[in-house]
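Structure first, then comments.
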């Protein structure tokens, strides 16, 4: 098991309290006006996000359907078939590189597509917690600043701390993170293009148990190299280095068998390059493992569906928040009356929910209109339901 040492230093903290007068009606109205502008921007941005997402989703789905109808699987990956020149091919095989990747500073050498060195520094980290409360007619903001030491991969600028004295971090690391990538990667006789090499991202931690300490001032503990006098009790500024790799090339007695991938791309000589579809999209697919062509396209369609629904939800949320901010001024006008204020708040949120849902569905329908007119009309009909429900509830409330 890898050792993961940490400091036993005492947590430090201090509290600051800022006092300000309670904002008047005009001041709060001015703040709300600024929020209205932000809300308007979010509202308009949501239309762009939802509409373009539908175009992207349908374009991707069309390209995948086209690719599935055209893809062919060569008889062998150890020979280049001339009859497949320019065609979309389905290749399965183990990755192979031309040379070892290494970091001579730490004595690390292995056959892989990518080798990543990850460097962390022991630093002071500031966290703050704030709360506001009213006391004697004044608004008070209490902020609690806490300082603790942690291993972080990014430089934390202690000059931005509320209290830098006693919590100063170094301004740079003596050793930096980096990633080495094999220039040539093959599957059988075929060379992967740079776009496919970028997709090899199945990083695994590299065990350092069989490596020796590379230098006198570097200590190996578990799967880390420590630039520290005592890794068990590190000091601010100490470093620790770990390694990970992706795309193991060739069988290794310690790391296991070579990594197998499934690629769908265009054959250009002995290279696998992007394939352009009739819809204007490109197909350049790499999946980790052994999959049939049908399985690869099914996985891509599922991924496209999840991305589409995720962006739809993000667009709806942006629209809902935008409407909330734009109607916030109505809440400000009545916030002197507690009971009425709460009723208005509930009503405004219900209004924003209904309008955001309706406009989202209408925007989705508009995005589909050019591709699937019948589906667009159905969604447009569903979009009117929340509005009709809201309108029918208004007379009922008036009768009450």
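Even glycines carry a Cβ here, placed using N, Cα and C.
What you are looking at is a predicted structure, and each value in this text was computed from that prediction instead of being measured.
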Subject >> From 11-31, 32-52, the residue range that Swiss-Prot assigns the feature transmembrane segment >> reply: 32-52
Original post:
Are there residues at least 6 beyond the ends of the transmembrane segment (346-366) whose Cβ is under 8 Å from a Cβ of it, and what are they?
Top reply: 46-47, 50-51, 54, 312, 315-316, 319-320, 323-324, 327-328, 330-331, 375-377, 379-380, 382-384, 386-387, 389-390
Original post:
What same-chain residues lie close to the transmembrane segment (32-52): Cβ under 8 Å, and 6 or more beyond its ends?
Top reply: 311-312, 314-316, 318-319, 321-326, 328-329, 332, 359-360, 363-364, 366-367
